[in-house]
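Engineer: Sharing a structure, written as structure tokens. Questions coming.
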Amino acid sequence: MAARRGKSTRTASEVGAAGPRASARSVNGAPTVPEAARPGARRNGPSRASGCRREKSGPDPREKPQVRTRTARAEDQAEGPSAPSERVEPPSAQGASLLRAGSCRAREARSARELRPQAGATELAAPARMEAPPGAWKLQTVLEKVRLSRHEISEAAEVVNWVVEHLLRRLQGGESEFKGVALLRTGSYYERVKISAPNEFDVMFKLEVPRIQLEEYCNSGAHYFVKFKRNPGGNPLEQFLEKEILSASKMLSKFRKIIKEEIKNIEGVTVERKRRGSPAVTLLISKPKEISVDIILALESKSSWPASTQKGLPISQWLGAKVKNNLKRQPFYLVPKHAKEGSGFQEETWRLSFSHIEKDILKNHGQSKTCCEIDGVKCCRKECLKLMKYLLEQLKKKFGNRRELAKFCSYHVKTAFFHVCTQDPHDNQWHLKNLECCFDNCVAYFLQCLKTEQLANYFIPGVNLFSRDLIDKPSKEFLSKQIEYERNNGFPVFW
């Protein structure tokens with residue numbers, strides 16, 4: 001999705017007091033990548049098994065002495081069944097892996113002998129190889145720590161399901177302008193890469209809008225004005241037109257108003273105060289535990305994807321050209337995330353969203369159709385993404401409200417991860433036994449993105465998520481310094 005959320009829809013996605021609760025009901029009572037975007041890139045090299053691409057990071061003053069449709073997946077046996085697109089199904093809820101200095105190279109040599117690359121296969125450019133990371137890592141222990149509890153998942157899913165379906169019935173009923181909305185579940189929980197606690201959910205209420213015309217805003221590639229090719233009388237969205245332009249701010253305001261009115265009738269749920277520039281209506285559920293649910297209105301278009309996406313989604317060597325073509329035949333979405341204009345926002349603009357495609361990619365992430373199936377080889381792609389998300393999350397906790405970290409979100413981490421998957425497209429580069437090296441490669445790529453100030457949107461390569469217009473250089477330098485310190489000292493922030 002787009003830089004979405006601090007959390008990006010919250011994320012890039014980024015508490016109003018509820019009114020009198022007449023006849024209140026309890027919740028619980030309810031039953032490729034452009035060259036500039038690839039730091040340190042080389043041209044297509046030979047396929048290889050995973051190996052650390054490590055260069056010793058510069059010393060830090062605080063540095064310590066170094067001492068496609070699939071059958072059931074193996075990961076689902078450990079974490080429970082996948083959440084379906086139309087309903088949250090509570091998923092089911094070892095051995096620590098110890099990394100010794102120099103072990104990555106030994107494993108790399110073994111992998112090169114045991115796993116020959118496919119004839120004629122090539123990989124996209126990657127950063128230079130690096131020495132094995134220092135210190136003892138117990139990454140499997142970290143993954144166990146951030147694994148979601150089955151009991152917590154069941155409780156959270158039941159409550160979120162009930163609230164969301166209640167609101168959906170309200171919007172679909174009567175003569176609402178949003179009568180045609182349908183549910184689209186997105187975000188890390190439904191991608192099965194949520195970490196720590198099931199306390200955040202993203203839900204799209206999609207509304208199909210046929211025969212629309214997009215007008216790109218200031219060559220941004222990501223933000224658009226929306227017009228109707230024809231506007232026959234009786235169009236329920238006509239009231240949201242502003243000089244023939246479908247106003248994102250007007251539509252979001254009405255959507256928010258309907259939700260706020262309905263939430264007054266549900267005990268234990270409130271609507272968070274509106275955040276400037278956010279496309280989401282955020283619900284706060286207080287029981288059984290505090291849960292936030294971002295509800296995002298999304299316009300669904302079944303037209304061809306905009307021209308700005310033509311060179312995006314570089315998965316041909318990873319998931320295959322056929323998969324790419326099939327994904328690009330899916331609809332695209334526009335969310336009411338306004339473009340920045342000076343010190344304010346252009347409130348009539350909509351932003352492209354591909355969160356549904358991101359979910360599909362993560363669900364079917366292997367080059368081989370048997371990757372992570374019960375009888376297939378288990379890869380460590382999702383484990384690396386979880387660890388990257390946890391690293392950023394823990395640094396934010398460590399430094400509290402430091403201004404330098406405020407604009408970084410999990411969407412930046414996920415975008416960098418997708419680019420690493422493009423660089424290393426083969427399953428033999430992501431063997432679970434090589435988790436430490438694969439994670440280090442992801443960290444190395446993210447560090448280079450910070451240092452070069454280049455991170456291309458995975459779907460809209462002309463959009464640089466690390467441009468100085470979006471994130472200032474001192475903030476990128478601060479995060480880079482902290483990640484280098486963690487990397488050189490065995491990631492103490494994990495413990």
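Using the three backbone atoms N, Cα and C, a Cβ is placed for every residue, glycine included.
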Engineer: Just to be sure I read the record right: D202, D294, R351 are listed as binding 2',3'-cGAMP in Swiss-Prot. Which of K274, K311, K337, K369 is listed for the same site?
Structural biologist: K337
Engineer: Out of 143-148, 209-214, 353-358, 419-424, which range is noted as motif 'Nuclear export signal' by Swiss-Prot?
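Structural biologist: Matching range for motif 'Nuclear export signal': 143-148.
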Engineer: Looking at 103-134, 455-486, I want to know which stretch Swiss-Prot calls region 'Required for activation upon DNA viral infection'.
Structural biologist: 103-134
Engineer: Which range, 215-238, 359-382, does Swiss-Prot list as region 'DNA-binding'?
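Structural biologist: Swiss-Prot lists region 'DNA-binding' for residues 359-382.
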Engineer: If you average per-residue pLDDT over the motif 'Nuclear export signal' (143-148), what number do you get?
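Structural biologist: Overall, the motif 'Nuclear export signal' (143-148) comes to a mean pLDDT of 83.
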Engineer: How big is the gap, in Å, between the Cα of E261 (5-glutamyl polyglutamate) and that of K337 (2',3'-cGAMP binding site), rounded to a whole number?
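Structural biologist: Cα of E261 (5-glutamyl polyglutamate) to Cα of K337 (2',3'-cGAMP binding site) measures 23 Å after rounding.
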Engineer: Which of the three DSSP states, helix, strand or coil, fits K206 (SUMO cross-link)?
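Structural biologist: The residue in question, K206 (SUMO cross-link), is strand (DSSP, three-state).
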Engineer: Can you tell which of K337, R351 has the most other C-beta atoms within 10 Å, given these are the binding-site residues?
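Structural biologist: Compared across K337, R351, the most Cβ atoms within 10 Å surround K337.
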Engineer: Using a 10 Å cut-off on Cβ-Cβ distances across all protein chains shown, tell me which of the modified residues (S278, S410) has the largest neighbour count.
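Structural biologist: Its Cβ has the most other Cβ atoms within 10 Å: S410.
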